[in-house]
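**Q** Please find one structure pasted underneath; my questions will follow.
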Amino acid sequence: MARGKRSSVTVLGAGVVGLTTDHLFFPSLAQGYNVTIISRAFPTNPDADPTYTSPTAGAHWRSFAEKDDYRLQEWDEVTFKALIQLCTVPGTGLMITPGYEFWAQEPESWEDPFFARFMPKYKRLEKDALPATCEFGISYETGFGARTLAGVADTHVYPTRGQTVHVRAPHVRHTVTKLGSVHEDFTYIIPRDDGIVVLGGTYQANNDSLTPDPTTAASIVERCLAICPELVPNGKQLDVVNQKVGLRPTRVGGVRCDAEWKHHRGRRVLLVHNYGHGGYGYQSSYGCAATVLRIMEAELGHLRESPRERTEAQSARL
């Protein structure tokens, strides 16, 4: 890079993945980079793009990384530790709550997930602590656009539709998740710090309808009440605020997080991919962003701090 000349970095997309990448890249501005975010929608105008999913996501941390998926485990652990730090910063909207997970049938063989070693207050639940419809449980504290982007189209990306029901229940201050044998059994309850509770969910692959379905909403409410009846206090009705639909940017083969060089107007341009997270955008955001910085460091040699050092340094400043 010539002396006095600033290189340009462009981040495509302002969902949780894009904005977290920009957030971790920000310290590099002092090293001579101009960073620009390009997106049809931002958190300040989420309705500008109907496929802008991050604002409607449940957004609670729970890793679904398989026991041999060490890449996703690392991403999720880095993200968990960064988010825990952000919970101490006023105004972020993040909070630590008790979390419960239930299974309809007890697993034939159970191994504690990798996050049991760092998740506060992780434990298996006794039978008498389970809902009547469940047989096993644990407790703890706790970009679709790449398919059509000109020049880098990825036909492995497909939408996975998720629908949620938002209710007002400020007395519910814990998360609940129920896992089943099929995706449509996946049920979750996630409280917000403003008293709104998000009820879900659905996991409908290759369904790009953004219109809330009344039958689906009724099923979500029924499933959530079965595992969390305290959503409706005695003598009252469920206070439904609205319904939301989002399209998770899912990818065959999992997240693409790598780099390639492109030729544009007679010069080489580094293109770093970071998309296809499906429903795991929030819980892997910091880990994936750190990997993007590591890739750029290897390809360009201009980023001096390692991504882990930068993440730890930022956490220390919070």
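Glycine is no exception: its Cβ is also placed from the backbone N, Cα and C atoms.
Source: prediction; values computed, not measured.
Below are the features listed in TrEMBL for this protein:
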BINDING   THR53, SER54, THR142  FAD binding site
DOMAIN    143-291  domain 'FAD dependent oxidoreductase'
BINDING   TYR188, ARG248, GLY279  D-dopa binding site
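Describe each of these features in terms of where it is and what it packs against.
**A** THR53 (FAD binding site) falls outside any helix or strand according to DSSP and counts as coil.
The average pLDDT the prediction assigns to the domain 'FAD dependent oxidoreductase' (143-291) is 87.
A strand conformation is recorded for ARG248 (D-dopa binding site) in the three-state DSSP classification.
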**Q** Measuring CA to CA, name the entry from the binding-site residues THR53, SER54, THR142 that ends up nearest ARG248 (D-dopa binding site).
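**A** Checking each of THR53, SER54, THR142 against ARG248 (D-dopa binding site), the shortest Cα distance is to THR53.
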**Q** In angstrom units, rounded to an integer, how far apart are the Cα atoms of THR53 (FAD binding site) and TYR188 (D-dopa binding site)?
**A** 17
**Q** Counting across all protein chains shown, how many other Cβ atoms sit within 10 Å of the Cβ of ARG248 (D-dopa binding site)?
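**A** 22, counting other Cβ atoms within 10 Å of ARG248 (D-dopa binding site).
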**Q** Go through THR53, SER54, THR142, the listed binding-site residues, and name the one with the sparsest Cβ surroundings, counting other Cβ atoms within 10 Å.
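**A** Taking THR53, SER54, THR142 as the binding-site residues, the minimal 10 Å Cβ count falls on SER54.
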**Q** Whole-number answer please: how many Å between the C-alpha atoms of THR142 (FAD binding site) and TYR188 (D-dopa binding site)?
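**A** So the alpha carbons of THR142 (FAD binding site) and TYR188 (D-dopa binding site) sit roughly 14 Å from each other.
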**Q** Which of the three DSSP-derived classes (helix, strand, coil) applies to THR142 (FAD binding site)?
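**A** For THR142 (FAD binding site) - judged by DSSP and reduced to three states - the answer is coil.
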